[in-house]
Amino acid sequence: MELVGAAVLLAVSAVGTERSNTRFLLTANGTARERHSEEYCAMYDICGARSDGKVLNCPYGTPSVKPDDLLSSKIQSLCPTITGNVCCTEAQFDTLRTQVQQAIPFLVGCPACLRNFLNLFCELTCSPNQSLFINVTSVSKVEFMVILLAYFNNALHVKNNMTVDGIDYYITDEFGQGLYDSCKDVKFGTMNTRALEFIGAGAQNFREWFAFIGRRAALTVPGSPYAINFLPNATETSGMRPMNVSTYSCGDTSLGCSCGDCPSSTVCSNIAPPQQHKEESCSVRLGSIKAKCVDVSLAILYVILVSLFFGWGIFHRKRERNAAQRKPLSNRNDGNQLHGMESQKNEDLPMEMLEEAPHIRNGVQLSIVQGYLSKFYRGYGTWVARNPTLVLFASLSAVLVLCLGLIRFKVETRPEKLWVGPGSRAASEKQFFDSHLAPFYRIEQLILATVPGPEHEKSPSILTDDSIKLLFEIQKKVDGIRANYSGSVISLTDICMKPLGQDCATQSVLQYFKMDPKNYDNYGGVDHVSYCFQHFTSADACMSAFKAPLDPSTALGGFSGSNYSEASAFIVTYPVNNALNKEGNETGKALAWEKAFIQLAEDELLPMVQARNLTLSFSSESSIEEELKRESTADAITILISYLVMFGYISLTLGDTPRLSSFYISSKVLLGLSGVILVMLSVLGSVGFFSIIGVKSTLIIMEVIPFLVLAVGVDNMCILVHAVKRQPLELPLEGRISNALVEVGPSITLASLSEVLAFAVGSFIPMPACRVFSMFAALAVLLDFLLQVTAFVALIVFDFLRAEDKRVDCFPCIKVSSTYPESDKGNGRRKLGLLARYMKEVHAPVLSLWGVKLVVISAFAAFSVVCALCTRIEPGLEQKIVLPRDSYLQGYFNNVSEYLRIGPPLYFVVKNYNYSSESRQTNQLCSISQCDTDSLLNEKLLVAVVSSQMGPIVPPTISLLAAPRDKVPVAWVDHAKIVPREKLPWFLAALPSADCAKGGHGAYTDSVDLQGYESGVIQASSFRTYHTPLNKQVDYVNSLRAARDFCSKVSKSLKMEIFPYSVFYMFFEQYLDIWKTALINLAIAIGAVFVVCLVITCSLWSSAIIMLVLTMIVVDLLGVMAILGIQLNAVSVVNLVMAVGIAVEFCVHITHAFSVSGGDRDQRMKEALSTMGASVFSGITLTKLVGVLVLCFSRTEVFVVYYFQMYLALVLLGFLHGLVFLPVVLSIFGPPSRCVVLDKQEGRPSIQSLFQSRFAQQDVRGF
């Protein structure tokens, strides 16, 4: 930029120059007499020009001249310190004014800086005492042809004159320091950086700034046409003295600067920075170990509780022994005999017994609800056994009708529809931003990097000739992409952003060569790139092809600070236009090009780069969505194998103990397959129903709900089949079915309704992924339960009829001879299976030992201490986890974290900004003089910068104060008095130029919504800055929270609506309240289970124990998540809610069996484990275990982490709590038994006599 006094020639054609290197001292009219005195000029008028058109002053000294009134008024308007005579002609002054006009937009935010800057060049050009501080040191002879329209009446003159080639400019250090101090913090908003980056090459002191200004510029390069040597002192003999015009401080209230441009201002220094409350977690040091206070507190609490429990256990045990010693032997024998009779299984009693008392069943006093359920299931079981065909046909027909809805089946894959509710703040802000301003552009990116060296060794720099030439080759191939969209050929130029003309705004170091490989050698190759790193804002040769400066930090990676030369990666970004209509042609064209772009990168670019021993990673806007679609099918085989393994195990566990002679009859393969099909039908029926009403499915539903329903359904299948097997074989099949349903029907109903309600209440959660999952899961579990008690019971009838008729499993048409039925009829019942015998003879007796009970309670209490770790679970979902392991995006995300030195763009959006003259909102926002001292940029953003809370928002080298003040909230807020209302459209359409450096086109076009601006209200306006690089999910969450907190405070203070917007906010909003969402979901689910249990059992005691165990399972699962580093997100929240549903199965059946058993608590615990333990263990624990183990071979990390690890932890925790901890708790604190002893009724024997009669009959048969 020329900032020296010289005249502008309208047309110049240089034909020769001759330079004199000898020192040329000032003389008068060519005489040898030196002249350094007041009212005397060192150089006056214009005597020539360089070949690039830059004019040169005459080196001849002359007395200062008195200007005419017009020229005097012009000089006073720009240079108020110069009065009287002057040392410049009107042409020289006009040149000065034209050239300094280019600097005004950079410095206008601080009038003091601008005034000092103008004084520097006003004194140089027009001061009447010019000779006192200017000394011509060298001259050149320039032969030129010039047309002077204004002064020579269009005459053509050819001159051969001497011109100034170098001068000494004597300036005091006091002036230089004052000038620099007033300008060093002034910001140029358009480029979001210091103004000195443009007009001072980033000078760090006034000497560096003077050196930059005084450097003689090469041809066509911005700068002074002759050398200026700034010196602080002149020799006494020369008669010269340094220029020392008074400087203005940026804190001068008469020339007030904004706090952003002058933090040292007294106004700004009075702004109290926020108290930096550094949250230090409480910790306790124990020797060399430093532990958190919460951990120590829990440990102390644990020790106290365990000590109290052990003390109570010892005391209680001693009291029992003393009571046993005092009790007569006969009483103990009678009691044992009575309990032994009462504890006989209800299947040993006649089927018709006590049917008229629904709340009393086989000596068990049930609640009213359980009693009527038992009565219903007794009649219903008999009816199903007599009409299995009708029941099977009717139930399947109903589900198949629901499955017809699958013809409208759709899967929702759009992330914004999965994670953000339609009424959420992020969704509404995105919709406002897109509709009023412009949708954020699509990003296509390449990262070309050097191969890292050995560990701890720095990666080599990528700034080499070969690498840059390779980048040109890559760019040529990208430019050559031709995609096909609806018969049209699409290239990059058809879809790319072109903010300032016809060239794409590609962010690449190739822009320093105008994207033309022919310029590489002409400009100087790598040296030119290094030059542009320092002068990218000021040198025309470094200007991009799309006519805007290119910040090196956006095109390079792997460097520290501003050491761009050590960069180890090229980052090439192609911004592509986005559209509101995701189904329109614009989006379709972009998608077609992106597909071709990725194909090119995989097939051609990657091998080309690897051959040069470099690495390449790449991504497009649609890459994540496309890879997620591929991920949904990548593990289809793994999931199928998992289901097959579970099916195989189900078939084995439903059958009897394998015998070589009858396994083909006793096996239940066909029954197991039918049960699995029913489970799948329940899932399909649920999906079909919601598809009919227009609810889209999600990938989580397709992957999780089948596991959930299969786990619940298999448990019920095992319980039903095992209950039928426990019935006496002498009873007819309809009697066995009826008795089995009476025995287990209420507990199955209780468990299923608890699960349905637990999932149903989750449908009120605003997060779409969780809400839709809860809706689908609730209906699927309900349909599965209905099919279990209808179709599956009918299938049990068919299967037992097949077995009794000696027909082969899977081939029922084939009948063989076998001793299958008779082998177990000798004692009236089938023999217990291996697992049932283990539960009865090993597991239950071991848990009844007092020492084991104490250890179990202590161990599980200690295990629950891991709840302290729950606070260490980080919210988020790493993108690399949800993608296939072989996805090209895996390497891309690694490189983004490693190389990028700038974070996502951040917009601050102001709604309904009133810029009319009657409104004060402009003063509340701007940062130039006359703005409010507590305006958005004068105070609010300054406070934000110094606040550690806003750290993630403030860029490392470019603070928020450096964000374009003229974009707060609109491009012209600092020029509101300069740009009239009617000129605003012209301003936004004006391209930046030498005449209008801040032309709004490109930079501000999409920052203002002009609709209805004539009324004086701008509906939407924004300014942009950047986040720091965000590498972790928690960084994204914290930056979003900080931005919103800041805008909330500012909006409240200024009484204006301001909100932050960035493209990732919509996806990370869920994590702001993910803990709240998770806890509400879990609390509702556990609370729903408690309510259902309380209503059905009418036992607060039993319901409380079930709720305690469920809570412990969930807490321990959260602790396991913390230990394994599993993040909290929608997937894990769904898994936690599902954990409640599955855990119910572990608890309800055991608790119900315990409550209806007779004897003391230990005996009832053993009885519950003997009857239900095997079914629960085989039906849910082993089934899920074998299915989950297959998932460890998944190709997708999300399956390994969120399904294999979490499911495995859930199954193991459920087993340990349901079959170890719960029985121990019941044996110590369990509710009283519901068993009763009934007296004889008229015409009916008592229960005791029935037992004795049954025993007598068995003894006779035994003989």
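Cβ coordinates come from backbone N, Cα and C, glycine included.
The transmembrane segment annotation in TrEMBL covers 293-315 (among others).
Marked as region 'Disordered' by TrEMBL: 323-342.
Taken from TrEMBL, the feature transmembrane segment covers 632-650 (among others).
According to TrEMBL, the domain 'SSD' annotation covers 635-798.
Here the transmembrane segment (670-692) has Cβ contacts under 8 Å with residues 396, 399-400, 402-410, 643, 646-647, 650-651, 654, 701, 705-706, 709-710, 713-714, 717, 721, 772, 775-777, 779-781, 783-784, 787-788, 791-792, 795-796, 799, 809-810, 812 of the same chain, all six or more residues outside its ends. According to TrEMBL, the transmembrane segment annotation covers 670-692 (among others).
The feature transmembrane segment is assigned by TrEMBL to 704-724 (among others).
Marked as transmembrane segment by TrEMBL: 744-765 (among others). Residues 366, 370, 373-374, 376-377, 381, 712, 716, 719-720, 723, 771, 773-775, 777-778, 781-782, 784-785, 788-789, 1077, 1080-1081, 1084-1086, 1088-1089, 1091-1093, 1096-1097, 1137, 1140-1141, 1144-1145, 1148-1149, 1152-1153, 1172 of the same chain sit 6 or more residues outside the transmembrane segment (744-765) yet have a Cβ under 8 Å from a Cβ within it.
What TrEMBL records for 772-798 (among others) is transmembrane segment. Nonlocal intrachain contacts for the transmembrane segment (772-798), taken as residues 6+ away from its ends with a CB within less than 8 angstroms of a stretch CB, comprise 380-381, 384-385, 388-389, 391-392, 394-396, 399, 402, 412, 671, 674-675, 678-679, 681-683, 685-687, 689-690, 695-698, 700-701, 704-705, 708-709, 712-713, 716-717, 720-721, 724, 733, 737, 741, 745, 748-749, 752-753, 755-757, 759-763, 765, 1081, 1134, 1137-1138, 1141.
Annotation comment: TrEMBL describes 847-870 (among others) as transmembrane segment.
Taken from TrEMBL, the feature transmembrane segment covers 1078-1097 (among others). Under 8 Å from some Cβ of the transmembrane segment (1078-1097) lie the Cβ atoms of residues 367, 369-370, 373, 746, 749-750, 753-755, 757-762, 764-765, 770, 774, 1103-1104, 1106-1107, 1110-1111, 1114, 1128, 1132-1133, 1136-1137, 1140-1141, 1144, 1148, 1152, 1155, all in the same chain and six or more residues away from its ends.
The transmembrane segment annotation in TrEMBL covers 1103-1126 (among others).
Remote same-chain partners of the transmembrane segment (1133-1154), defined as residues 6 or more beyond its termini with a Cβ less than 8 Å from a stretch Cβ, comprise 700, 704, 708, 711-712, 715, 719, 744, 746-748, 750-751, 754-755, 758-759, 762, 767, 769-770, 773-774, 777, 781, 1074, 1077-1078, 1081-1082, 1085-1086, 1089, 1093, 1097, 1102, 1105-1106, 1109-1110, 1113-1114, 1117-1118, 1164-1165, 1167-1169, 1171-1173, 1175-1176, 1179-1180, 1184, 1202-1203, 1206-1207, 1210, 1214-1215, 1217-1219, 1222-1223, 1226, 1230-1231. The annotation transmembrane segment is assigned in TrEMBL to 1133-1154 (among others).
Look at TrEMBL and you will find 1174-1194 (among others) tagged as transmembrane segment.
Residues annotated as transmembrane segment in TrEMBL: 1206-1229 (among others).
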May I ask for the residues of the chain that lie six or more residues beyond the transmembrane segment (1206-1229) and have a Cβ under 8 Å from a Cβ within it?
707, 843-844, 847-848, 852-853, 856-857, 860, 1105, 1108-1109, 1112-1113, 1116-1117, 1120-1121, 1124, 1126, 1132, 1135, 1138-1139, 1142-1143, 1145-1147, 1150-1151, 1154, 1161-1162, 1164-1165, 1168-1169, 1173, 1176-1177, 1180-1181, 1184-1185, 1188-1189, 1191
Intrachain neighbours beyond the transmembrane segment (1103-1126), with Cβ under 8 angstroms and 6 or more residues off its ends:
860, 863-864, 866-870, 872-873, 1082, 1086, 1089-1090, 1093-1094, 1097, 1132, 1136, 1139-1140, 1143-1144, 1146-1148, 1151, 1201-1202, 1205-1206, 1209-1210, 1213-1214, 1217-1218, 1221-1222, 1225-1226, 1229-1231
Give, as a single whole number between 0 and 100, the mean pLDDT over the domain 'SSD' (635-798).
80
